[in-house]
Amino acid sequence: MLPRRVFSLSKACPLLARNLTSSTSGFQTTMEEVRNKLREIVGASTNWRDHVQAMNERKALHTLLAKSQADLPPRKMSDSYIEVILPLGSQPEIREKYLNVHNTVRFGRILEDLDSLGVLICYTHTKHDAAQRSPLSIVTALVDKIGLWEQHIHPDRDIKFIGNVSWVGRTSMEVKMHMLQLNDGIYGPVLDATFVMVARDPENKRPAFVNPLILETPEEKKIFNEGELNKTRRVDSSKASLLKMAPTAEERNIVHNLFLNTLDTRTVSFRSRVLPSNSAWMQDTSLKSLEICHPEKRNIFNRIFGGFLMRKAYELGWACAYNFANSRPYVVAVDDIMFQKPVEVGSLLLLSSQVCYTENNYTQVRVHSEVYDPDSRVHHTTNVFHFTFMLEKEIPDIVPKTYGESMLYLDGKRHFESAMKENKA
């Protein structure tokens, strides 16, 4: 079972709690309508052959951009609140898209839906009353964290997504979303998600200002302050990254002890290494895949849909954990997915997964995503994904061999401990 937390609806989403006890509710729609609405807002064409013309038409929207944030009307959290129904129970014909072989819902599909919903929530917050089309290009910058409450997501019960803008900077917005599933006539919590979106100009080239946020209640002020703390935490985490800073003294001791435990006591050599019992070398746990990025998977800005990238990375990470542990993995948390570079249509997308940390029956899997240009033979990193899985039995310890693998081990340990801390909160 997943680590249990006490769920408080009023704390997790006070807007939903308020709507459930009142006669009015927020904007309610379906996931298909969400995607149709996004195409309408930006003027995206459903035909690939028309995409160049559609993007050229957006250039005229530059005149609608605000010169400063002060020029934009402030918005309330409730202004961006949206409810989306995924009718898996009441519309059986859509189930197959979401069904996996274990008769539960494909989590990768949920990631796609969360990404689309997060963008629509931000467009709702920044709605331009004077124009049918928005001058903003809103894209996902970061999946800060996703934590799960339930191990099983049933494929034959309706799902409800809810969410709203919870924090606003000058050109960025934090979105909190919650997923609930119908059980005996009551929607119960399944997961919480926090995404960060950025607004750019109509051609998706430069940052653009977004509407400021009005805080009406003490609960909303608390949620906004959590957004500030999240921003500070991300800055601090970036500064302490093992790509920039040396490990702490405690982490150096961990790495050295791992090294000492693998030395062959029969020799006096640093090169002779022996794998401890009930362990696996990190280098033996990787899985890779390649995707050709066809137009079918493009987003409203004619680049590859971020939700598709998350789904493919998750499914490879899940397979990597399954292959390593010989036991079915259950996702516990997703965190710190930074969208570093957009993926263009036609790209060759290379995904590399690696088990980088284990503890008891948990494993931390890292998936690295890069695009490859066959003509120039140049690789560019686009994303790094972090997934925490729980297995049905205890699993071997992972052991790094090289210094680089040791840094992956420590980074995985940091992400795992962060996920466990969130689950206990």
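From the backbone N, Cα and C atoms, a Cβ is placed for every residue, glycine too.
What TrEMBL annotates here:
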type	residues	note
DOMAIN	80-203	domain 'HotDog ACOT-type'
DOMAIN	283-395	domain 'HotDog ACOT-type'
Across the domain 'HotDog ACOT-type' (80-203), DSSP labelling yields 27 helix, 56 strand, 41 coil
The correct DSSP tally for the domain 'HotDog ACOT-type' (283-395) reads 25 helix, 59 strand, 29 coil
Whole-number mean of pLDDT values that fall within the domain 'HotDog ACOT-type' (80-203): 93
